[in-house]
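Quick look at what TrEMBL lists:
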type     : residues : note
TRANSMEM : 27-45    : transmembrane segment
DOMAIN   : 85-298   : domain 'ABC transmembrane type-1'
TRANSMEM : 89-110   : transmembrane segment
TRANSMEM : 122-142  : transmembrane segment
TRANSMEM : 174-194  : transmembrane segment
TRANSMEM : 221-240  : transmembrane segment
TRANSMEM : 277-299  : transmembrane segment
Amino acid sequence: MKSGSNVRHVQGRFVKKSGIEAHKSRMGLLFTAPWILGLLLFYAYPLLSSIYYSFTSYSVLNRGTFVGLANYKELVKDNLFWKSIWNTLYFTALSVPVNIILGIVIALLLNSRIRLIGLYRTVFFIPTLVPVVATATVWRWLLDSNYGIINSLLNKIGIASIPWLASETWSKPALVLIASWGIGQAIIINLAGLQDISPEYYEAAQIDGANLFQRVRNITLPLLTPVIFYNVVMGVINALQTFTLPYTLTGGEGNPVNSLTFYVMHLYNNAFGYMHMGYASAMAWILFLIILVLTIVIFGTSKKWVHYQE
């Protein structure tokens, strides 16, 4: 007997659904239909289309023709493509560890039982709620080589002005500094992880004479590794897709000397600046592969350093 919308499978045989069950099934499909349609329209279709477009010369102005691997071969010859990969990986390798360490240290401080601790937690989380464009605009003013407040403060203590956003040497460290402004979410996640650690571990360690540093090193950090693992994975994925911050700071130009031309910026400029949709689609899939490989590597190594409470 074939199953249909009003038939269900029970213990190796098909049983006809009651009218109420069939009605519930139809209502379930009805309520999930908008989500399913949205998934197909805004995710599945663009995803499959981009695969096809990456093998064509498609642009907004014309449908293009099938060119095989031409777009991928062109990427290899594109110096700015390699420059953008280097900039993105450099930023990722620098910003992720910095944000992980800062997030843990601040979370440890905010895990204290002191007066107004709720206020302090709110203060550290608020920057996360500020739009990235607004954050970039404010920091662009703060780091201005000539009139920025930060350089003014440095001058008062005898340090020469630093060309934060005008120097190829300082531009990416400056971006890491700005990006660390929004680690509130990581702090909250770390804080939740800290509060999930049983106090019994610390009580036993204190009885054995362990000091604060020893408790943090031997208890807190090992038991916090699942949270650190999550933050590392999400941090790497987000850093590799960095776009809004450098785009706003440089007006989309990536200067100085393309030191702030990140991968997604280069992809965006090709797609919507030069209308090279096929080329940009190929770039998108290269980025997907980079993220996939790094994520697999992180997951593969996690067994050696991530510890879970029993």
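A Cβ is built for glycine as well, from the same backbone N, Cα and C atoms used for every other residue.
89-110 is the stretch from 27-45, 89-110, 122-142, 221-240, 277-299 with the greatest number of Cβ pairs below 8 Å to the transmembrane segment (174-194). Away from its own ends, the transmembrane segment (89-110) comes close to residues 117, 120-121, 124, 172-173, 175-176, 179-180, 183, 186-187, 189-191, 193-194, 216, 220-221, 224, 228, 231-232, 235-236, 239-240, 242, 262 of its chain (Cβ-Cβ under 8 Å, at least six residues beyond either end).
Residues 106, 110, 148-150, 165, 178, 181-185, 187-188, 244-245, 248-249 of the same chain lie 6 or more positions beyond the ends of the transmembrane segment (122-142) yet place their CB under 8 Å from a CB of it. Sequence-distant contacts of the transmembrane segment (221-240), counting only residues of its own chain at least 6 positions beyond either end whose CB sits under 8 Å from a CB of the stretch, comprise 88-89, 91-92, 95-96, 99-100, 103-104, 179, 186, 189-190, 192-194, 197, 201, 263, 287, 290-291, 294-295, 298-299, 302, 305-309.
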